[in-house]
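> Pasting the feature list from TrEMBL:
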type     : residues : note
DOMAIN   : 235-380  : domain 'Lariat debranching enzyme C-terminal'
REGION   : 385-539  : region 'Disordered'
COMPBIAS : 385-395  : compositional bias 'Basic and acidic residues'
COMPBIAS : 396-406  : compositional bias 'Acidic residues'
COMPBIAS : 416-428  : compositional bias 'Polar residues'
COMPBIAS : 432-443  : compositional bias 'Acidic residues'
COMPBIAS : 486-506  : compositional bias 'Basic and acidic residues'
Amino acid sequence: MKVAVAGCCHGALDKMYETLELLQRRHNVRPDLLLCCGDFQAVRNEADLRCMAVPAKYRHMQTFYRYYSGEKKAPVLTVFIGGNHEASNHLQELPYGGWVAPNIYYLGYAGVVRFRGVRIGGISGIFKSHDYRKGHFECPPYNQQTIRSAYHVRNIEVFKLKQLKHPIDIFMSHDWPRSIYHYGNKKQLLKMKSFFRQEVESNTLGSPAASELLQHLKPTYWFSAHLHVKFAAFMQHQTNSEEDLPKATKFLALDKCLPHRDFLQIIDIEHDPSAGDSLEYDAEWIAVLKATNSLLNVTQSSWNMPEKNGLHAKWDYSVTEEAIKEVLEELNHNLKIPCNFTLTAACYDPNKPQKHMEPVHTINPQTTEFCARFGLTDINDRIQQAKEESSVRGDYEEEEEEEDMDSTGSAEEPSEYNTDNSGLSSINPDEIMLDDEGADEDLSTCSVDPSPDHPPDFSASFSDIRIMPDSMAVSSDDAMDSTNEELEKSGVSKQVEEKSLNERPLKRIGGNENGNSGIKKIKRRNQAIYAAEDEDKTE
């Protein structure tokens, strides 16, 4: 089947889908699935804009709300992960994943699903070591700290994914796995983005958590975005024994969704012809969620995941075939994800703007149903309970400031990763980069609807589907001689270019409502999207 992969969408859904439709008209190529690697920006209304970590000047509504309201429907099944520029309050409603609009599915903090027999996994957010060992404690309305920490990757999600044993076909992360640039054309990358050199040479560019997952999961494909540059790599994994077959991962990072940018890729993926066309749960992933449910943490207290280090009675939470079988029996072998999308917030009305709309902490009925079905804890419900209990004791604020021992009593254990790139004085490898071409770009153009009488002009820069250019192949000085050949055979060989186009009580939704120094330089990487003159406070 044909899978389209997009980089940072930044809310420009109309532009993305128009590109796919043009692809079909001109080349008779129709993707069966669209994957988006973060910064999706599922913004429903003005309150959602207030929960997005961008300068106020650039909080544009864009076009997602039209798909949320039902005015439009995604023409192809779309699966996405979260990035670091999201309506965090909206995505937080779906920690285990769910529909943000008809035919548009969010994978959650971390998740694995299946489509036509292809196993697709992903992890949302970006890595920051100072938040990595905390629980998911944030909830709207956010403050200046939590509006950012809300999208930081947590160790619990990495731990869950590391319990998987069955092969993964496709995996998505927003930021790149650390060290992946050593397996691609590093010279070309540094030619395009010379300010990456310090981090590349010191091997600090990207996420160490994602790198750990890459080495553990060894997926056939790994897609990322975040740095707004296209880059391909081919990583040959070491085998654990002579009996193991060699495994390799084809990595591809995508550019952002803007005019003149190569933000979309088409790949051919082997699939199960007998499988249906519905998005499905993954039985092993559901079993892992059930097995790790007791590890849930909704506090700011730092803690480490169980390890075989003498401090934990249990450290292996991988699941048996029997446990997977039990999940299948619970579902009567019907793994189809229900199409149970529900509106949980008012939709933006251009004729009746509500600039002072405030975000509220909402429990999404999709999450309620999912947790009830599989016996899981609703993270948002637990957060609210913790806040209410702490308020009664009068110690909530005090607890927020403490760094207590982790839930397993191992307060002195070091973090898995002790390198925090946010402290670099030059640029922040976990953030959107600063580049020269961003000076005259305006994201607001992405949300302009094309006139029926004057359709967008793609022709000037739209290219035929073609083999990946040599610039995206692996150079001989960085990897084995056969890597270029492997990339050409990999299926990551089709590309499309286009031109044109504070605090409130918990709100439960159902059928009815019931009731420092060095940092200033780091933020400059955001200016590829958010103007250079803004002295904003984004990371």
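One-based numbering along the chain as shown.
Note: Cβ is positioned from N, Cα and C throughout, glycine not excepted.
Whatever TrEMBL says is automated annotation, not expert-curated.
Help me picture where these features are in the structure shown.
Non-local neighbours of the compositional bias 'Basic and acidic residues' (385-395) in the same chain are 137, 139, 298-299; each lies 6+ residues outside the stretch with a CB under 8 Å from one of its CB atoms.
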> Based on DSSP, tally up the residues of the compositional bias 'Basic and acidic residues' (385-395) by helix, strand and coil.
9 helix, 0 strand, 2 coil
> Do you know the DSSP helix, strand and coil residue counts for the domain 'Lariat debranching enzyme C-terminal' (235-380)?
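Secondary-structure breakdown of the domain 'Lariat debranching enzyme C-terminal' (235-380): 34 helix, 21 strand, 91 coil.
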